[in-house]
Ligand SMILES: C[S@@+](CC[C@H](N)C(=O)[O-])C[C@H]1O[C@@H](n2cnc3c(N)ncnc32)[C@H](O)[C@@H]1O
C-alpha cells in the first residue's frame, strides 16, 4: 500500500526500529471481528479475542440472521478495546458523545443491560439515522439518541454523567488499511484541525461530567498530537482529572487496526453544582392512555418501566430521571413502542426487537430462512391455528418485531428502510 510521504517520514522518526514492521502491516488483510449481544445470548464457534468480554474474530454478513436479529455487531478488535476499558457499571448514566454508527454505544449497552441510561449523540444528522437503526436492532430499553453539538448538550446535562465516552473524530490513520480512501484527506494540516476540534469537544464534555465521573477518550489514529499530547493537555487544563489507563494499539503488536485510548477519573467535589433538573414527564392524554392499556393487557406480559411520552401519534418509553430534552434535536426519543391509530394501538418493530421470549401473549418462532425472507419484505405462511392478531416474531427466542397474524399468514411489517435486497 502506498502511504502518504509525510506520513511515512513522521512514523519513521517516531517508531525507529519498529518502522519496517509497521509499514509491512499495511499490506496485510484487515482484521475482522464481532461482538455478541448479552441480551440475546447465542452460541458462537469462533476464536475469542483475548481480554474481551464479548468479542470474537471473524466476519458476519449484514444479511445474516445473527445481524438482522441484533445478536452480533461487527467491530474490529482494537475498536472493541474502548468499550472494554470503559466497562460502565449497572445503573450508571453514560454519554457517548460521538456515537455514530454505534459500535461503542452497543458495547456500552452490553454492560448496562437495561439499567441506568445511555445517551448516544452524534453531530451528523445522516450518521445519527444509522445510529438509530443499529441501536434499535441491539434492543436495549434505556437508550436515547440525540443529534446535537456538544455545547447544546452541555446546557442541558450540566455535571450529569457518571461516564462520558469521546470516540473523537480524528485523522483516522488506523483506518488506512481497512479503508484506503481515508488516506486521501490526510495531511499534517488535517491532523492540526482534528486537534483543535477534539479540544473543543473535550471542553464541552468536561462540563457534563459528574464530580467523580469517568472520561474515556479514544481515537483511531496514532498521531501523538491527537493522542498522548491530548492527554497531557487535558491533565493540564483539568488538574482534578487522574489518568487511570492509557494505551496505543499498533497493528504490529495487537491483532487489530489502529486505536488509542485513555481513561480518566474526576476527583473534584468542589465542582458539584447540585444541578436541579426539570425532569421529563409523561404527556399522554386519557384516550392514548386507554388505547395503550388495552393493547398492553391484551398483547404483552411486559410492564414497561420508565416515562411514556407521545410525539404526535408515536408512543415512546423514556428512561427515568432524564432532564427535559425539549431544547435538543432528538433522533430517538427512547424506545419507540408503537403508533396510535384511530381507536387502536399498533406495536412497533423497535418494541418487538427489544422484547424476548415470554414477553408477549402470542408469539411464534421463525426459522433462519423465514427471518431473512421477512427482512426482504415477504410475508410468512404459518398455518398454526393461532387467533388472528398481533404476534411477536421470535428467532431462537429473540424478538424480531411484531406482525399481524391473519388466517395462517404473518403480514410483513418490517420497516421498509431496513429491508435487505438480493
Ligand atoms: C470515530 S467516529 C465515531 C465512531 C463511533 N463511536 C462507533 O464506535 O461506531 C466520530 C464521530 O464523531 C462525529 N462528530 C464529529 N464532530 C463532532 C462533534 N463536534 N460533536 C459530536 N460528534 C461529532 C462524527 O459525525 C462521527 O460520527
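Yeah, the Cβs are placed from backbone N, Cα and C, and that goes for glycine too.
Residues 98, 99, 100, 101, 102, 103, 104, 167 are recorded by TrEMBL as S-adenosyl-L-methionine binders, and the candidate that the same record lists for that site, out of 51, 53, 122, 151, is 122.
Apart from the site residues 98, 99, 100, 101, 102, 103, 104, 122, 167, the chain places the Cβ of 96, 105, 120, 127, 131 no farther than 8 Å from the centroid of the site's Cβ atoms, the recorded S-adenosyl-L-methionine location.
According to DSSP, residue 167 (S-adenosyl-L-methionine binding site) is assigned to a strand segment.
According to DSSP, residue 102 (S-adenosyl-L-methionine binding site) sits in a coil region rather than a helix or strand.
If you take the C-beta of residue 220 (active site, nucleophile) and look for same-chain residues 6 or more apart in sequence within under 8 angstroms, you find 78, 79, 170, 172, 173, 174, 175, 257, 258, 259, 260. Long-range neighbours of residue 100 (S-adenosyl-L-methionine binding site) (same chain, six or more residues apart, CB within less than 8 Å of its CB): 122, 124, 127, 128, 130, 131.
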